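A.B. asks: Relevant sequence annotations retrieved from TrEMBL are reproduced here:
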type    : residues  : note
BINDING : B:E199    : substrate binding site
DOMAIN  : B:10-259  : domain 'GCVT N-terminal'
DOMAIN  : B:294-367 : domain 'Aminomethyltransferase C-terminal'
Amino acid sequence: MLKYTEDHEWLRAEGDEIVVGITRHASEQLGDVVFIELPEEGREVEAGEEIVVIESVKAASDITAPVAGVITAVNGDLADNPGNVNDDPMAAWFFRIKPAGDGVLDGFMDEAAYSDLIG
Amino acid sequence: MAEELRRTGLYDLHVAKGARMVPFAGWEMPVQYPMGVMQEHLHTRAHAGLFDVSHMGQVIVIPQDNKLETAALALERLIPADVLGLAEGRQRYGLFTNDRGGILDDLMFANRSDHYLLVVNAACADQDIAHLRTLAGVDIRPITDRGLLALQGPEAAPVLARLIPDTAGMRFMDSRSLDWQGSELWISRSGYTGEDGFEISVPQDRLTSFAEALLAQPEVAPIGLGARDSLRLEAGMPLYGHDMDETITPAEAALGWSIPKIRRTGGARAGGFPGAGRILPELADGPAAARRGLRPGTRAPIREGVPIFAQQDGADPIAQVTSGGFGPSVGGPIAMARIDPQIPAGTTLYAELRGKYLPVTVTELPFITPSYKR
């Protein structure tokens, strides 16, 4: 089941890890993505820490870690094909994170709440 | 409180086409359409793009004694260009300069037989008009009952010739009045994309119908300001307020080519414009730094304001990016900055981005080969 952050990230629990990407709404607001800088695998991050840089034709923006934890994998294919974020944002995951705590997804929005947020 | 934004005559058409509207130089303008900046850019380079540039200032300069020479010589007091030598039906690029040798605005001026037509930047238009009104012997008339369109791209000429056959005979920088369904259009073969194309002044009451007639052609798509910026950046063209301003001289902006011999030291009409005392010696001796191209060595765009270093040693920056972004036709990031002309093309410099020194290569402008119909 998908959860969403106020920063327009989607979060998908897979085993004891969370897969993170950005929503279609976010990718449309960004415009054509031309460059993505991903964090290093194994990096320990704090919740809210800026760990991904996305550059679109318009501007640079950051993606933050939704929860504290360790980056277990990054989608290296995105660095070569940043446009995938526009083509299929739900498939274009950025990183997997192993949260430091339990039940960390409980506080995030579900699909209905996120739909309300973006109107 | 923000000042109320002005709307061009095509506002409703932009909205109907799904444009995202943004504030720009006091106007509410389309930054992109649903096609997106990248595809709009590539469409313009492959086919034809229609731009609403009605926010730009159109001004006519009329000699009070009905002698065009009077208006030419008046304009030459503000613009270091050969206005007098411009033939009827031709257009040139020029600069308004200030007493310190800086650039107040850049403009196009056309000889339209009994007057000159000037097209200036939207943000500078009021100031330019006040500046022009200091001239004696000419009437300055801002044109408020016309919009301005740009049709750009390799298929612009066949498209426009379908609507207005006489445009087929125009060469690059020709300027003519031609009829479209009973309305007089002022058309020049010019643009701001590096492509062949036209800039077309249209009476307000025909602006939407003419734009719709162009958009009905299969080659034409509406293009927003986002792609306008990436197109001009690839074409190596400076943007006022970014790559040049009132503190930057023509030589520093790499616009010395717009100042012909006749206005330079030793020329028949040398000087006689604001800042000549600084501008002319600098053109002869060469500036300490001039606008040049930078090609970042990674995929990360290097944008305006990013500092440029000679080495990765933390010494003071040697330049700052004045325009930068992604070049869809180049297929990578591109930027411009004022760099010492002594530094050879091909030299590696370093851009500091998010705490890292990224290599950038000094290159000649433009980044793409223009395809004007000379």
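Sequential numbering from 1, following the chain as shown.
Here the Cβ of each residue, glycine as well, is placed from N, Cα and C on the backbone.
TrEMBL labels come from automatic prediction, so no person has curated them.
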A.B. asks: Can you tell me how the residues of the domain 'Aminomethyltransferase C-terminal' (B:294-367) break down into helix, strand and coil by DSSP?
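C.D. replies: In the domain 'Aminomethyltransferase C-terminal' (B:294-367), the DSSP-based counts are 0 helix, 37 strand, 37 coil.
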A.B. asks: Near B:E199 (substrate binding site), which residues of its chain come within a Cβ-Cβ distance under 8 Å, counting only those 6 or more away in sequence?
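C.D. replies: When sequence neighbours closer than 6 are ignored, B:E199 (substrate binding site) has B:V53, B:M108, B:V119, B:L148, B:L149, B:A150, B:I187, B:S188, B:S190, B:G191 within Cβ distance under 8 Å.
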A.B. asks: Taking every residue in the domain 'GCVT N-terminal' (B:10-259), what is their average pLDDT?
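C.D. replies: Here the mean pLDDT over the domain 'GCVT N-terminal' (B:10-259) amounts to 98.
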A.B. asks: Which of the three DSSP-derived classes (helix, strand, coil) applies to B:E199 (substrate binding site)?
C.D. replies: strand
